[in-house]
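Take a look at the structure below.
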Amino acid sequence: MSADSRIAAITARIVERSKPYREPYLDRVRSAATNGPHRTVLGCGNLAHGFAVCSPAEKVALAGDRVPNLGIITSYNDMLSAHQPFETYPALIREAAHEAGGVAQVAGGVPAMCDGVTQGQPGMELSLFSRDVIAMAAGIGLSHNMFDAAVYLGVCDKIVPGLAIAALTFGHLPAVFIPAGPMTTGLPNDEKAKVRQLFAEGKVGRDELLEAESKSYHGPGTCTFYGTANSNQMLMEIMGFHLPGASFINPGTPLRDALTREATKRALAITALGNEFTPAGEMIDERSIVNGVVGLHATGGSTNHTMHLVAMARAAGIVLTWQDISELSDLVPLLARVYPNGLADVNHFHAAGGMGFLIAQLLRKGLLHDDVRTVYGQGLSAYAIDVKLGENGSVKREPAPEASADPKVLATVDRPFQHTGGLKMLSGNIGKAVIKISAVKPESHVIEAPAKIFNDQAELNAAFKAGKLEGDFVAVVRFQGPKANGMPELHKLTTVLGILQDRGQKVAILTDGRMSGASGKVPAAIHVTPEAKEGGPIARIQEGDIVRIDAINGKVEVLVEDIALKTRVPAHIDLSDNEFGMGRELFAPFRQIAGAADRGGSVLFH
C-alpha cells in the first residue's frame with residue numbers, strides 16, 4: 001500500500017529542502033564505494049598491520065578483495081546493563097562470519113555512558129556531547145579501510161544515534177545494527193516511581209529506595225521502560241537497520257543468539273561483493289527518516305529523538321525540522337501504552353505483538369512508506385512479522401497477528417489510544433520547544449501559571465526541600481542548553497514536581513535543557529531554543545511572569561507585551577562551576593560551537 005497523501009507530501013517537502021545537501025552526499029557515497037575498500041591496493045606493510053593477529057586462512061582471505069570482511073564497532077562495557085551482553089558478541093559474529101565464508105574483525109570500540117548513573121550528576125553534562133564523540137570514535141575505527149560492511153553493537157541513549165551518524169558518514173558501507181535486547185521484567189516501573197516519590201517526601205529511607213531501584217534494574221539488558229534506549233531499538237527496526245523482529249528479544253536466549261548470527265550473515269550478503277549491495281547511505285533516505293518519526297509518534301517515544309533524528313538525518317544529507325515532526329504528529333495515532341505512557345514495559349509490548357504488529361497496523365493505514373530499502377531487502381512489509389526460534393537454532397518468521405494480544409498495551413490503528421502522536425512542537429514569543437503529551441493527563445495539556453525562576457535543577461530541589469514551592473507555577477529552569485552546560489537531562493525534577501502535582505498543584509517545566517525519555521506525567525516544554533546562554537527570550541522571563549504552555553494549540557509564551565519583553569536585559573549567570581570536573585573541561589570546545597537544539601544540538605552539523 002502506498003503512503004497516505006499527507007505523509008507523502010511532508011516527505012516530498014523534506015526531499016526538496018534536502019536537495020542541496022543530499023545530492024552531494026550521495027555523490028560522495030558513490031565515489032567512496034567505487035574507490036574502496038580495496039585491500040589489494042594497500043601497501044604490504046599496511047595490510048600486514050591490519051591482519052597481524054588473524055589466522056593463516058584469514059590472512060589469505062584478507063590479502064585479496066573477494067572475501068568480505070566485517071568491521072565490528074562495539075560499545076561494550078560491563079557497567080551498562082544494556083551493553084554487558086555485547087562482551088560475547090564479537091566471538092559469535094566471527095564464528096557466524098566464518099560459517100558464511102567471510103571474516104570479521106573488531107574495528108574499534110566507542111564509549112557508552114549510562115544516563116541512569118549520571119542523572120543529576122556533573123557527568124550528565126557530557127551526555128549529549130557523547131553522541132558526537134561516539135560518531136567520531138566509530139569513524140576512527142572504520143578509517144582503516146579494511147572493511148566491506150560494518151556491524152554496530154549499541155543500545156542506549158546516545159550510543160545508537162552516534163553509531164547511526166557514523167554509519168551514514170561511512171554511507172558507502174552496508175551497516176547492520178545488532179541489539180542486546182531488554183532485561184527481563186522486574187519491579188513494575190510505576191511501583192519504582194512511587195518509592196522515588198516517597199523517598200523525596202522523606203517517608204522512606206535510602207535503603208528502601210535502593211532496594212526498589214535494584215529490583216527494577218536487576219540484570220543484563222536494556223531498562224524496561226520506554227525511554228530513549230528502547231526508542232532507539234524501535235527506530236533501528238522501523239528504519240530498516242535491524243533485522244525484522246530483532247529489537248526486543250531478551251539477552252542470553254537462543255533466539256537472541258540466532259538473530260545475531262543471522263544479522264552477521266546478512267551483513268556479509270549485502271556487501272559490494274554480492275548481488276544485493278546495500279550501502280547505508282543509499283538505503284536510508286527521506287522515506288526511512290519519516291518512517292522513524294512515524295514510529296516515534298505511534299509509540300510515544302523519547303523527546304530526545306527530536307534532536308537525535310535531526311542529527312542522524314543531517315548525516316545523510318537530509319534536513320528534518322521540528323515542523324516536520326510536529327505535522328507528522330497530527331497524522332499519526334498513538335498505538336502503544338508503555339511506561340511512562342502506561343503501566344506496561346517493553347516485554348509486555350513485545351508479547352502483545354511488538355514491532356511486527358505495530359508496523360502492520362501503520363502500513364495498513366498508509367502511515368509508513370513501504371517502498372524503502374532495508375538490511376533485509378526491499379519493502380518494510382517484510383517487517384510486519386512475528387519472530388520465533390525455528391528448527392536447528394534458525395530464525396523463523398510468521399505474519400504478524402491481526403489482533404493485539406493485549407489491547408491495553410498495543411492498540412489497532414482503528415481504535416488508537418489517542419488520534420495524534422505523542423510529541424508536539426510549541427512556538428511563541430519564548431521561541432520553539434518540544435513537549436511530550438502521551439504521558440500527560442488531558443487536564444494538564446494547557447498550563448497557565450506564574451513563573452518561578454531557577455538557573456539549575458539544584459535550586460529547584462532546594463526550594464522544594466525548603467517548602468517554597470506553593471501554589472500553581474511553571475518552573476523555568478534555564479541555562480541548561482548545549483552552549484551553557486551541554487544540555488543535561490533534568491529527569492530528577494519529575495519526582496519533585498510529581499509530588500506537587502499529586503497534591504493538587506498545577507505545575508509544569510519550561511527549560512532549554514532536556515528531560516529523560518522516562519519522564520512522564522508533568523508537562524514539560526523542553527529544548528527551548530534560542531537558549532538562555534545565547535540571550536534567548538527564556539533569559540528575559542522574570543519571577544511571577546505568567547507563562548502559558550498550550551500543547552493543544554502548539555503555543556508556548558510568556559504573557560508580557562512584546563515591546564516590554566524585548567527591552568528587558570537578558571539574565572546572565574556565572575557558569576564557571578560547569579566548566580570543570582568530571583571531564584567537563586575537555587568539552588569546552590564543544591560548548592562553544594554546539595548547534596541549537598532544533599538542529600540536533602551537534603558539533604558536527606549546523
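Glycine residues also receive a Cβ, built from the backbone N, Cα and C atoms like all the rest.
Taken straight from Swiss-Prot:
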- Cys156, Cys223: [4Fe-4S] cluster binding site (BINDING)
If you count Cβ atoms within 10 Å of the Cβ of Cys223 ([4Fe-4S] cluster binding site), leaving out that atom itself, what do you get? 27
By the DSSP assignment reduced to helix, strand and coil, which category contains Cys156 ([4Fe-4S] cluster binding site)? coil
Can you tell me whether DSSP puts Cys223 ([4Fe-4S] cluster binding site) in helix, strand or coil? coil
